[in-house]
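Taken verbatim from Swiss-Prot:
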| type | residues | note |
| --- | --- | --- |
| BINDING | Arg68, Asn78, Glu88 | carbohydrate binding site |
| BINDING | Trp248, Gly249, Glu250, Glu251, Glu252, Arg253, Asn254 | beta-D-galactoside binding site |
| DOMAIN | 18-151 | domain 'Galectin 1' |
| DOMAIN | 186-316 | domain 'Galectin 2' |
| SITE | Arg58 | site 'Critical for binding to sialylated and sulfated oligosaccharides' |
Amino acid sequence: MLSLNNLQNIIYNPIIPYVGTITEQLKPGSLIVIRGHVPKDSERFQVDFQLGNSLKPRADVAFHFNPRFKRSSCIVCNTLTQEKWGWEEITYDMPFRKEKSFEIVFMVLKNKFQVAVNGRHVLLYAHRISPEQIDTVGIYGKVNIHSIGFRFSSDLQSMETSALGLTQINRENIQKPGKLQLSLPFEARLNASMGPGRTVVIKGEVNTNARSFNVDLVAGKTRDIALHLNPRLNVKAFVRNSFLQDAWGEEERNITCFPFSSGMYFEMIIYCDVREFKVAINGVHSLEYKHRFKDLSSIDTLSVDGDIRLLDVRSW
């Protein structure tokens with residue numbers, strides 16, 4: 001489960017510039033969480049994931065994350081190898097604001113870093129140097145840092161699929177050892193039917209050119225869809241609905257921030273409350289959906305399809 005609690009090796013109020021050793025290897029699933037504040041007069045700051053701390057010659061930088069506030073605000077990402085910079089990857093969707101606090105979550109994935117700021121996905125950066133070689137984090141520039149924390153994890157290390165708390169229905173999807181993803185469409189029976197306090201977790205990765213995908217909670221006997229979650233990346237809409245008595249109801253689309261982006265890893269948590277479903281993406285609450293299908297105990301099936309790699313499903 002993606003949680004920003006229980007971080008390890010937390011460093012509080014470090015003096016900037018800060019250069020510190022990362023005590024364990026960064027493997028897929030590891031998180032680095034940096035909380036701080038941008039001063040009024042800041043023009044730029046950077047977080048560098050380095051191979052050592054040498055100054056002469058300068059240590060290689062596997063991932064250089066550099067928000068800039070001068071002229072057009074942007075985030076510049078790059079890699080430094082043998083004192084030479086590679087090509088810049090620039091993101092103009094700027095989540096940082098002067099005189100505002102921030103929380104940056106760097107997640108290490110198998111092929112890339114995934115970065116979220118204040119709970120919102122910001123960018124992906126493909127590995128040019130293996131993250132397992134990174135042993136140092138450096139923070140430089142005009143920035144105040146309140147804390148740096150780590151969660152060393154190998155949850156995603158094997159990327160082997162699982163379906164805990166569910167019994168898969170469509171035989172072609174039955175798990176094979178070492179399989180890298182669950183095939184779609186995926187349908188599975190919950191080992192215990194839905195009700196207040198029940199939770200379903202779906203872990204996956206959005207395809208590069210994804211248009212949409214859907215996650216449905218279904219009453220198996222009637223095939224009514226109690227909860228239809230349908231992120232549409234092509235229009236940035238997170239559509240919710242129910243399919244009851246052979247008819248779709250009224251769509252709900254209102255959302256503060258669309259939480260998905262092509263190529264990103266996600267953990268979707270669906271929690272069943274007495275009056276509604278609550279949905280969180282990557283540990284951040286996203287929406288509520290009032291129950292339209294009242295017989296919660298009849299909801300016994302999970303269905304997933306669309307433009308994603310489905311890695312893991314769990315229910316308890």
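From the backbone N, Cα and C atoms, a Cβ is placed for every residue, glycine too.
Since the structure is predicted, the reported quantities are computational estimates derived from the model, not experimental observations.
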(request) Could you find out if DSSP has Glu250 (beta-D-galactoside binding site) as helix, strand or coil? (result) coil
(request) Ten-angstrom check, please: count other Cβ atoms within 10 Å of the Cβ of Trp248 (beta-D-galactoside binding site), all chains counted. (result) 11
(message) I'd like the per-state residue tally for the domain 'Galectin 1' (18-151) from DSSP, helix first, then strand, then coil.
(response) 3 helix, 76 strand, 55 coil
(message) Return the residues near Gly249 (beta-D-galactoside binding site) by Cβ distance under 8 Å, restricted to its own chain and a separation of at least 6 in sequence.
(response) Asn241, Ser242, Phe243, Arg292
(request) Count the Cβ atoms, other than its own, that fall within 10 Å of the Cβ of Arg253 (beta-D-galactoside binding site), considering every protein chain shown. (result) 13
(request) Within the same chain, and leaving aside Arg68, Asn78, Glu88, name every residue whose CB is within 8 angstroms of the centroid of the CB atoms belonging to the recorded carbohydrate site, in sequence order. (result) His64, Asn66, Cys74, Ile75, Val76, Cys77, Glu89, Ile90
(request) Inside 10 Å of the Cβ of Glu250 (beta-D-galactoside binding site), count up the other Cβ atoms and send me the figure. (result) 8
(message) As a test of the contact definition, list every same-chain residue at least 6 positions from Glu251 (beta-D-galactoside binding site) whose Cβ is closer than 8 Å to its Cβ.
(response) Val239, Arg240, Asn241
(request) Quick one: among the binding-site residues Asn78, Asn254, which has the most Cβ atoms sitting within 10 Å of its own Cβ? (result) Asn78
